Amino acid sequence: MSQFHAISAMSLCLASILVIISMFMSYRQELKLEKDIFISALRATIQLFVIGFILAYIFSTESPIFIIGLLGFMAINAAYNSSKRGKGIPYALCISWFAITVGASITLSILLLTGVLNFTAYQVIPVGGMVISGAMVAIGLCYRQMLSNFELRQQEVEIKLALGSTPKQASKAIVRDVIKTGLQPTVDSAKTLGIVALPGMMTGLILAGMPPLEAVKYQMIVTFMSLSTISIACFITCQLAYRTFFNNRNQLNR
């Protein structure tokens, strides 16, 4: 079964009309996002073509060094973008990178060792990229929620500290809520797979000509990986980040 349909350059140009529609809506509503929309579309186009050429080369060589190198590059970029949500949290970039790397490494290692995935560029890079991206979004949510919670619940934390609680005990409720916030979108998405919408990887494989049931299996693997990676990444992020809100005297930083 192969029904792959190549998209011509003309078709791609015609599809860009959709971006113009978005810019027009922004102009009509006076959102002043026309420039941002245009730049984001242009950047996406350039970045996707660049990564397309890189992937074509890596797929042709199947070099483990290139595969690991590209995944590492993805993790660094994901950490950088998620750390932007953690402005005010010391070492946010390092925390993000460590959480993403550990989460993705554990999950990928389990699937590779059990034979669920083969260590090939065609399987590891797309799947790894998807779970790294999911972890990036979840960590960004954790940072934003943690900053908000410590600000809103400052008095509660200080009272607990005054009563003899350790920083870990005083932050327990906040950390729990933050981890839940980071996980919730992934959990909600998993609940609605195949009902509300066809997920991205499954849709892409079907468009590429893969039998639907085979595409479903790949999507299930990605879903399970996402739940595992994001759970680990959120836990590590929160356990390391909450400590930065306290000084060496176990007092809340102001």
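In case you wondered, yes, glycine gets a Cβ from its N, Cα and C as well.
According to TrEMBL, the features are:
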type	residues	note
TRANSMEM	6-25	transmembrane segment
TRANSMEM	37-59	transmembrane segment
TRANSMEM	65-82	transmembrane segment
TRANSMEM	89-113	transmembrane segment
TRANSMEM	119-143	transmembrane segment
TRANSMEM	193-212	transmembrane segment
TRANSMEM	218-242	transmembrane segment
Sort out for me which stretch, of 37-59, 65-82, 119-143, 193-212, has the most Cβ pairs below 8 angstroms to the transmembrane segment (6-25). 37-59
Range from 37-59, 89-113, 119-143, 218-242 with the greatest count of C-beta pairs under 8 A to the transmembrane segment (65-82): 119-143
Using a cut-off of under 8 Å between C-beta atoms, tell me which stretch among 89-113, 119-143, 218-242 contacts the transmembrane segment (37-59) the most. 119-143
